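Here is what Swiss-Prot says about this protein:
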- ALA246, PRO247, THR248, GLY249, SER250, GLY251, LYS252, THR253: ATP binding site (BINDING)
- 48-57: compositional bias 'Basic residues' (COMPBIAS)
- 84-108: compositional bias 'Basic and acidic residues' (COMPBIAS)
- 139-173: compositional bias 'Basic and acidic residues' (COMPBIAS)
- 370-386: compositional bias 'Basic and acidic residues' (COMPBIAS)
- 736-752: compositional bias 'Basic and acidic residues' (COMPBIAS)
- 233-487: domain 'Helicase ATP-binding' (DOMAIN)
- 7-108: region 'Disordered' (REGION)
- 134-177: region 'Disordered' (REGION)
- 323-386: region 'Disordered' (REGION)
- 718-781: region 'Disordered' (REGION)
- 434-437: motif 'DEAD box' (MOTIF)
Amino acid sequence: MDIFKVLSRGIKAQPKKNQPGAPQLLPSAGAKVNPQFFHDNVGGANAKRGKKRKRKGAQANNATESGDEDDDASDVDYFAPKPTPEELAAKKDAELKADEPKKQKPKLLEENECRQILKSHRLKFTVLAGRVPQDEAATEEKPPKKQKKQKEDRKKQEEEEKKKKKKDEDKKQIYPQPLNSFGELKYTYGIHPVLADNITRQGFRVPTEVQMGSLPLQLRPEMALEKATDVEDVKVEKGIDFLGVAPTGSGKTISFLIPAIDAIIKRRAEDYTPETDEHVLQAIVVAPTRELASQIVNEGRKLAIGTGVRVVLMKRTLRLVAESNEQEETEQEAKEEVQDSDSDSEAESEPEEVMKIDEEEEEEEESDSDAEKKTESRAKGDQKFKKERPITRVDILVTTPKILLNFLCGGEKEKGKPRIIKKTLPTVQSLILDEADVLLDPIFRKQTMGIWRACTHPNLGMTCWSATMASNIEALLTKHIDKRAKRTPEQTPKPLIRLVVGLKDTAVPNITHKLIYTATEPGKLLALRQLLHPVSSADSGPPLRPPFLVFTQTIERAQALHDELKYDIPLEAGGSARVAVLHSSLPDSVRSKIMARFRSGEVWVLITTDVLARGVDFAGVNGVVNYDVPVSAAAYVHRAGRTGRAGREGGVAVTFYTKDDIPFVKSVANVIAMSEKQAGKDIDEKDTVKAAQGSVQKWLLDALPKVAKEDKRKLKVRGVESRRTGGKATITTKSSWERRRENNRREAIEASKRRKREAQKAQKEGGAAPEKAEEEWTGLD
């Protein structure tokens, strides 16, 4: 018998929600000390670490020296006067110098140690293409064994061996050196000291998984593979082509900017003469949206402070140093490129998210500043003005595909004619594709391939980055890299190395996923209002707190949802200014202001389409709401990746689905299940504790129907069809009578305008005065 229960039987227990508890972790609380997603214990030499033992003599002295930093942390003078700005600056410089280890010969890890570290962080390197075949004479040294089997069995065995050998040769796994800290970049991998100081000032200490694996291979591939065995056929003297597949928010932008800036600094130091130009275009970064391109430019300029490297965003008024291309060769290449794109697409249709991104790019180009519009209008009437426009000196160019291709082709595309590349960029030695799966999708593929063909440097390096990468995109990259290598047979082909972090095409494991059934469209609106105004703590999992993003399927639905929610936040908390909508039909200046307000915390709820689903970094977003089910598993991965950036914990991704969504929601449920498996929340129907931790349980996965291939294709192209036609799927709280009244009035006004236009047209054609029309109906009052 529990005596406490007996004595407290008549006392009402205090609710749990009022009891003080541990503070909740949120992405908006600040950066995490360790931004890494994975760190498994794989045993081996590192398994014995952490056991304390007594030390004597020199060992004790070494231990004392290594623990100085920990002792200093507890030696704090709480009554010291406030330091002056000069003292703060001197202290900061001293900390920077203290972080620099003494320059010494780099110590490389053995392959077994590299294998354990890479495995603990779930890093997998694979050589996809570019391996040099070994001499056949060396492989045929051993005499063939006598076989007493029939010819048919021998042929079958040989065919199986060839298939197995070809499969092993096509994809070979390697174990390069990992990057344990950013301090190794300066002395081990020899990056420029100014660049290393900029990295330290930006607060980078512990590398993420993608930075740990990709930076050594990109900076010094020979050193990264020095201790690796069985890599004789992987020739990296001329560099490598790289394909990085890593979770959202894992630092992919820094992973390709650091090697690009460092390579430009080194080439400038080697080739510098007083006659040469200081700024030569050597690297191009291609991104699908203008917001993402602007973000990359900002990050690049922070890293390039004091290095002399210029990072510029491409605009229509920009002039670059380019060479003219021969017309015949370009037409032939354009035809080949069109045929390759048609054959590689395999009757694939454009995903809705890509179509929206393309629409956004066109809107951005059309909605440039007034000064640029005046410049363009003057340039149309005065060809001399175009020639007098100065050439922009740039080292790294960040651009969207269409605007750069228009510059290379000399104008907009004409209908029915293939794009003719009139200019080439022979100085570009590095082409970087951010969100490569979108840029190589059918709708962007021709533009991206045109830029790729315009970069004619024989030693061009290619790097591609994304959180999702389909196998057909990898095959397309391999095919075109091999084709480009065959054009220069005198050079050793660069190997194409792929890095996969964690499980491929899965969402980030450090956030909570929720799949909520709302039955109908009005149920979605009610559920979203409950998230804005939580009334009960009965719901399992962490609550969703602002700021957060709300994704819808179409622009019309985003605008309608904004009209419904803009008065839901009380005036004391900021009112309608706390809710905003952003989509591709808004002008560029308006979108920039909304983005700035959301980053500064003025906007708490940002309603948008898939335009903001990729690449854009919002460090403090606490959650994501998929008001409409994503059109694909990849779309869900990128939407959910707007929270939980850089390892921040506490983010929430909520997905609403109705009865109409049940045939399509299984792909999203599978992604959530795989993400929870990475986080250790394995689905187990026998273990009720594990089942309670996961948001997608075993019975739900079994009950949801499988999505057919044709349904997936239709969903990518059009989304859920009922939401495009309106009707019952309209986002509104108005009654059907009110909506019918508004529609009748709108149609009556349109009919009145149409009759007036017809009357004016008849008057112009006939010349006679029109008869007096009957009194027009103006609709219901």
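Keep in mind that glycine also has a Cβ here, set from the backbone N, Cα and C atoms.
Neighbour list (SER250 (ATP binding site), Cβ cut-off 8 Å, at least 6 residues apart, same chain): PRO35, PHE37, THR208, GLU209, VAL210, GLN211, VAL501, ALA646.
A C-beta separation below 8 Å, combined with a sequence spacing of at least six in one chain, links THR253 (ATP binding site) to GLN295, ILE296, GLU299, ASP434, ASP617. Of all Cβ atoms in the shown protein chains, 25 besides its own fall within 10 Å of the Cβ of ALA246 (ATP binding site). By a simple count of nearby Cβ atoms, those within 10 Å, the most crowded of the binding-site residues PRO247, GLY251 is PRO247. Listed in chain order, the extra residues whose Cβ falls within 8 Å of the Cβ center of the ATP site residues ALA246, PRO247, THR248, GLY249, SER250, GLY251, LYS252, THR253 are THR208, VAL210, ALA467.
For the motif 'DEAD box' (434-437), residue counts in helix, strand and coil come to 2 helix, 1 strand, 1 coil, using DSSP.
Around THR248 (ATP binding site), taking its Cβ as the centre, 23 other Cβ atoms fall within 10 Å, counting all chains. The average per-residue pLDDT of the prediction over the motif 'DEAD box' (434-437) is 94, rounded to a whole number. DSSP assigns ALA246 (ATP binding site) to coil in the three-state reduction, placing it in neither a helix nor a strand. For LYS252 (ATP binding site), the Cβ neighbour count at a 10 Å cut-off comes to 24, with all displayed protein chains included. Look at GLY251 (ATP binding site): DSSP puts it in coil. Its Cβ placed at the centre, GLY249 (ATP binding site) has 26 other Cβ atoms within 10 Å. Using DSSP to sort the residues of the compositional bias 'Basic and acidic residues' (736-752) gives these counts of helix, strand and coil: 17 helix, 0 strand, 0 coil.
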